[in-house]
Amino acid sequence: MEDVAPLANGRVFDQARAENAVRELLLACGEDPDRDGLQDTPGRVARAYQEIFAGLYDEPDHVLDRTFDEGHDEMVLVTDIPMYSTCEHHLVPFHGVAHVGYIPNSQGKVTGLSKLARLVDLYAKRPQVQERLTSQIADALDRKLKPSGVIVVIEAEHLCMAMRGIRKPGARTTTSAVRGSLKTSATSRAEALDLIKGRR
Ligand SMILES: Nc1nc2c(ncn2[C@@H]2O[C@H](COP(=O)(O)OP(=O)(O)OP(=O)(O)O)[C@@H](O)[C@H]2O)c(=O)[nH]1
Ligand SMILES: [Zn+2]
């Protein structure tokens, strides 16, 4: 792999800089980055961060480029999409599941089901807060599919609240974002939430 890999969206991942930063962090913590066991760590951590933040280099709208006119104008909902993201305050993971649904527009414009999970992954692989992650997924669907309604619900555990700080492992945060008819119609929204809650 080249040291500075040019990636989409005008951003680059600077491997050498990231390695140096990890080495500095180890030194700052009082560790010896040259001891056996840590020698390859800066390179490894840098490569891991390139993967963990891969969504910085992708254009979300491209995920939804392929659409089909299926004439289906009722709810499409994918639940329990596994989600791993990184809290931008502490750079530790928050993880859980995302539920993503939409009601196609009157032309019945739909996208592939996997694209909903791809969209979750793309935005999750950035430094994030859960609220923004949830809205960004909803807004991308709204923008590209121009659906009648969108709902995104994310349930996650934040390791910054579990392994440090307030130390409440198991505490779960739920966020939702609704757009269009799923925002304006309490009945449609209740139907979607029932499908999400009753999925097991
Ligand atoms: N709203 C929101 N807050 C988050 C998210 N992830 C982490 N946080 C919170 O961000 C806050 C940062 O608070 P600070 O007081 O600046 O940082 P801190 O001293 O490390 O806070 P503690 O975690 O309470 O120890 C904490 O309350 C975290 O729980 C998120 O996705 N959404
Ligand atoms: Zn945090």
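Glycine is no exception: its Cβ is also placed from the backbone N, Cα and C atoms.
TrEMBL annotations:
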- C87, H90, C160: Zn(2+) binding site (BINDING)
- 19-196: domain 'GTP cyclohydrolase I' (DOMAIN)
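Listed binding-site residues: C87, H90. The one with the lowest count of other Cβ atoms within 10 Å of its Cβ is H90. Counted within 10 Å of its Cβ, the other Cβ atoms near C160 (Zn(2+) binding site) come to 15, all protein chains included. In the three-state DSSP assignment, the secondary structure recorded for C160 (Zn(2+) binding site) is helix.
Within 8 Å of the Cβ centroid of the Zn(2+) site, not counting the listed residues C87, H90, C160, the chain contributes T86, E88, H89, L91, V92, F94, H158, L159, M161, R164. In the three-state DSSP classification, H90 (Zn(2+) binding site) falls within coil. Over the domain 'GTP cyclohydrolase I' (19-196), the average per-residue pLDDT in this prediction is 97.
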